[in-house]
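Take a look at the structure set out below.
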Amino acid sequence: MAEGLERVRISASELRGILATLAPQAGSRENMKELKEPRQRKDNRRPDLEIYKPGLSRLRNRPKTKEASGNEEFKDEIVNDRDSSAVGNDTQLIQVCKELDSQQQNGPIDAENSQAQETFPKTVGLEDRSLKIIKRSKKPDLQIYQPGRRLQTITKESAGRADEEEILNQVEQLRIEEDECKGEAIKEEVNNKPDKTEIEKHQSNDRVRTAKGEKGKKIEKGEGSKKVADDSVPGKPGSVKRYSRSDKRRNRYRTCSTSSAGSNNSAEGAGLTDNGCRRRRQDRAKERPRLKKQVSLSSTDSLDEDRVDEPDVLGSRRSSERKKHLERNWSGCGEGEQKSNGKENRSALRVTFDAETMSKDSPVVRSVKDNVDRMKSDKGPSSGGKGSEKQELRHPRQELRDRGRGILILPAHTALSVSSSGSPESTPLGPRLLFGSGSKGSRSWGRGGTTRRLWDPNNPDQKPALKSQTPQLHFLDTDDEISPTSWGDSRQAQASYYKFQNSDNPYYYPRTPGPASQYPYAGYSPLQYPVGPTNGMYPGAYYPGYPAPSGQYVCSPLPASTMSPEEIEQHVRNMQQQELHRLLRVADNQELQLSNLLSRDRISTEGMEKMAQLRTELLQLYERCILLDIEFSDSQNVDQILWKNAFYQVIEKFRQLLKDPNSENPEQIRNRLLELLDEGSDFFDSLLQKLQVTYKFKLEDYMDGLAIRSKPLRKTVKYALISAQRSMICQGDISRYREQANDTANYGKARSWYLKAQHIAPKNGRPYNQLALLAVYTRRKLDAVYYYMRSLAASNPILTAKESLMSLFEETKRKAEQMEKKQHEEFDMSPDKWRKGKKSTFRHVGDDTTRLEIWIHPSHSRSAQGTESGKDSEQENGLGSLSPSDLNKRFILSFLHAHGKLFTRIGMETFPAVAEKVLKEFQVLLQHSPSPIGSTRMLQLMTINMFAVHNSQLKDCFSEECRSVIQEQAASLGLAMFSLLVQRCTCLLKDSAKAQLSSPEDQEDQDDIKVSSFVPDLKELLPSVKVWSDWMLGYPDTWNPPPTSLDLPLQVAVDVWSTLADFCNILTAVNQSEVPLYKDPDDDLTLLILEEDRLLSGFVPLLAAPQDPCYVEKTSDKVIAADCKRVTVLKYFLEALCGQEEPLLAFKGGKYVSVAPVPDTMGKEMGSQEGKQLEDEEEDVVIEDFEEDSEAEGSGGEDDIRELRAKKLALARKIAEQQRRQEKIQAVLEDQSQMRQMELEIRPLFLVPDTNGFIDHLASLARLLESRKYILVVPLIVINELDGLAKGQETDHRAGGYARVVQEKARKSIEFLERRFESRDSCLRALTSRGNELESIAFRSEDITGQLGNNDDLILSCCLHYCKDKAKDYMPTSKEEPIRLLREVVLLTDDRNLRVKALTRNVPVRDIPAFLTWAQVG
């Protein structure tokens, strides 16, 4: 039997040698025709059902240590196969060989699958781990492909132990012969050729096995499993099952190609010869698993297309040659796994490793070793090492036999390499060619030297031809969507390229090798201060718990020589920003979850815990961004996002739950809110400390409140200070929320935080806005208006403060109107108002000052009456009787009311009256000592005045002299208050001088006033005077030329410039050198910062003011030094007034005097006549000088003379035009100046109402008639209008509700008049437009065709009928005496146009309710 086996072995080897020489010439048409013939002889079966082509099978690597013994087993099994293949029917073998050619037409035969099929494990054991060996129970020509079913065959029993020992001895002998015959490989390949009979027999034997593997017949599972279990143990006796009638034993290890033509399955291993060392090397390489190549895109590709490029050679020889080239040139990596519980294994990946690759202890190799060890342990002690290795090698073949159709997915950039440690990011060895150019070279890969490779693995340093790297191939089974994969390191090789391959964990994240974290981002360790070590390229991690960024940014370190330090810094900066962007993206995801959680109506306990966890992660992420790159955090507004996402929305949710009346546990919610606020307070305290440590600064050094510093700050410190300010604002907000949660109103702590934040960065408007909120909560309206204006007048304003100011001013307006109404009611109810000889006037402040109305009540004699030019003096005297606190409250209300009109620009017609009231109350307040207005409150008043001027300026006008009317009124109010303030300071300085003269200690310096001798009230007022002077120096265009002054009474109409001149005269006597002031710094000097400068730092209207630093000695008195600086600044300001282009002050006669032009007011000249004449003389001088210069310059030529004469004429015409204009202005001013004051002595007797008076006030008119003191004169045109309203609307049924009301009132008025005229009432008359009185209105139609004007003019003509003015009666004998007119008629109307016409004709006019109040009727 051994001789027979040797004969078969030699014959098979020689046969493969012949095929190797014939492989290059295997592409002839005759061979192609012969390849196509078997498909026609197989019962005319469909080609697509003959061979199943799923695409590619999976790859799997093999450990090197087990490969050698495995190859020896292969040789052992091959000998047995040849022994059984040598005996049989020759005719049947030839037919089977043709069928084998038919199988090979579909693609190259896969040597790995052939090897795997030959080496299935012999031990099955338990069913859940059994690997079935498929055998054929039917002839090849009777097998039919059945899709969707698994194929199983019955295996034969193994040979006896003696036969296997003899085969093993033959394998050892072959190894020895191989070592002796390495140099004679080519020669033996030519000489040693088997005979034709053996070739045909071997072809027949191989073809029978291949055909059975392709057709895939199914047998019973139980019997096949039992046979495999019996054959798994070597030497186990058993019955021999024969395949055919022949008594020859068939090979136990059949080859079946059920994967596809693209799987390149071979039929049998190559033969061995005694003299062919090269064939023996091919046989050894053939047994190694190798990488499979995809040769078909689909399982339905045409078989004819595949046959074009295939030579007509035996599949076994092709498989052997292909194994040879793979062993020499290719190495790959793959993975596979087994599935238990009795189910077949799926898609095991196989790969061939060369010696160098297998020597590496890669994770893939370790995985295969572990699998082999498990197989050994399952096999038991009776199984040898070879048996376990055979079982491992048979595993993929069994899988391929049991799989159905499938799809090969080729992801981009797939690498088949184990050069790295098995990680998914490992760099592949080089690109591979899946499809050759021209013909299908992949089909003939490894056949007769026709392989197509892009690179040589023996020369790895040589660059590949293509740079694109092929990704690892993954086979997707279409029968089962879930492909089981192993967990562990082998998972890295196939990181879920298709989405639902691993449905049990669709969110799987690939784990990196080593002790690193198994999650996408590392957990955050407790925040620490120490800075970690640096690696020379990236800055060290601020927190040791955070991973270094090197692995996240680059795959390999950059060479230090290729980049400059600037480029490295920029590169590190870019990488750091990428990390920060990643952190923000993670934070956005966390914030989205938190927002979704807070959007629920109720939050459970689990939701509270989840919310706390999300907030903690958010705080860590945001804090890390702030501490890593403060500039980036500022650009991304991380501070504000931190507060909004991690605190504000959660706090608002808790507050909403507290306000909900249906809340279940309000106390629990309040406790959680307080815990959240405490946590926020601790967090921001810690953040402030970390900012100082990280960016190396101290907050104490920047709490001086200076908006402009002498030394520029470092960039990081600047951003860190902004972040610190935001943290302080958050601290203040937390304190404010805590007070509201506890239902208390002690906002002192919150105010302290806001003030600290304001001192850090005064130009930011946010702290002022928060301080305004606290003022609103505590109902301090002046503070609220001040802080809102500060937030608007900041470098970065808070625009929402404008709406807040509007609401505040609207509320102030309502309160002011209520206060005014209350004052009038108190005055009207006073019992002795007439007994005091006082009379009321109805003159408004906006009326003409040259017109004075004296109203005399009919019940009083004239001797008891006096004159009055203002409002009721009762109110004036009442200001002095008020307490300082009440007066202060009234003044604040009036002040805010006036500024509300300036800000909203609504109701400006009454602004002069309100401004007069403000100035009166302010003047009285200044007289109190101590002043009820403190220094801080006075600064706020001056600041509000500055803001009013700043806010009312024209935005689009760039001219210096372009000022709006609102701006002039605001400037007039500010200057008026400033003049009262300066007037009070002048008086206090005189008092200080008198006090110093009376002091015996100061007899030596009687001429100078010491700063230390200032009275306390003066010290309170000096900061406000200094601040306003700074503003005037910064914005001279707003007050020079002086704006139009307000129409104020004499009591408060103070000339600003004259007052400043007096103040300058007294201020020159003050000695400000009591404490020396220095301009330059020194070691023993310290910077002197005034309190007003610190409080108003960052205020935009004051940014243009002089900001010169001042230094004093460290041992000096800072309070006196501050007053010395204020006096110095005021002296400089007063000197600047003298140095203006149009000077306002001048030093004449040893003192300062005002030279400012008189402001433009009604009834006053715009300037003195002398000033105008002086201006004209100066212009004449200029013209004369110009004429002299022009004659001198024009002497050079006649052309120049003519040009200059033309200019002279043009200038002369311009001067003449200006003179004419000035003459006209002077004429108007002279007329106004010559207009005498007019006094109207009004004794009301005739009352003339208009139509609206009867419609709206019929009852009041009836009361006037009942009083019997007045005569009611009704114009006939009024009666006609009432008839029209009463009768003309009767036919209009579509009239609205208001029209019907008017119609009804007009009807009642007509009935009232008719009833009264019928009764012959002596106090009721009717008057025509021509002045005819009627005692009856039975005939009330009047012809007015010749009359001019409208109905209002006719009504006014009725009033003029009672005005009989004669010049000899009202013209006085002296020019200084006023013109006195007597009036007994009063027009009663609400119509504004009619009132204006009446005033121009000197007709007294009042509305009916006001006249009733004055007349005390009803």
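For all residues, glycine too, the Cβ spot is worked out from N, Cα and C.
Keep in mind that this is a model prediction, so the values were computed, not measured.
According to Swiss-Prot, the features are:
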type	residues	note
BINDING	Asp1250, Asp1352, Asp1391	Mn(2+) binding site
COILED	566-600	coiled coil
COILED	1196-1243	coiled coil
COMPBIAS	30-51	compositional bias 'Basic and acidic residues'
COMPBIAS	64-84	compositional bias 'Basic and acidic residues'
COMPBIAS	182-230	compositional bias 'Basic and acidic residues'
COMPBIAS	257-271	compositional bias 'Low complexity'
COMPBIAS	278-293	compositional bias 'Basic residues'
COMPBIAS	336-347	compositional bias 'Basic and acidic residues'
COMPBIAS	367-379	compositional bias 'Basic and acidic residues'
COMPBIAS	387-402	compositional bias 'Basic and acidic residues'
COMPBIAS	417-426	compositional bias 'Low complexity'
COMPBIAS	436-445	compositional bias 'Low complexity'
COMPBIAS	820-834	compositional bias 'Basic and acidic residues'
MOD_RES	Ser331	phosphoserine
MOD_RES	Arg405	omega-N-methylarginine
MOD_RES	Arg432	omega-N-methylarginine
MOD_RES	Thr470	phosphothreonine
MOD_RES	Thr478	phosphothreonine
MOD_RES	Ser483	phosphoserine
MOD_RES	Ser830	phosphoserine
MOD_RES	Ser869	phosphoserine
MOD_RES	Ser873	phosphoserine
REGION	23-86	region 'Disordered'
REGION	39-59	region 'EJC-binding motif 1'
REGION	102-123	region 'Disordered'
REGION	132-152	region 'EJC-binding motif 2'
REGION	178-402	region 'Disordered'
REGION	416-468	region 'Disordered'
REGION	820-840	region 'Disordered'
REGION	856-882	region 'Disordered'
Least Cβ-crowded entry, counting other Cβ within 10 Å, from the binding-site residues listed as Asp1250, Asp1352: Asp1352
Proximal but sequence-remote residues of the same chain as Asp1391 (Mn(2+) binding site) (Cβ under 8 Å, at least 6 apart): Asp1250, Asn1252, Asp1352
Helix, strand or coil at Asp1352 (Mn(2+) binding site) [DSSP, three-state]: helix
Additional residues around Mn(2+), ordered along the sequence, whose Cβ is within 8 Å of the centroid of Asp1250, Asp1352, Asp1391: Thr1251, Asn1252, Asn1351, Ile1355, Thr1389, Asn1393, Leu1394
Mean of pLDDT values spanning the coiled coil (1196-1243): 80
For Asp1250 (Mn(2+) binding site), the three-state class that DSSP assigns: coil
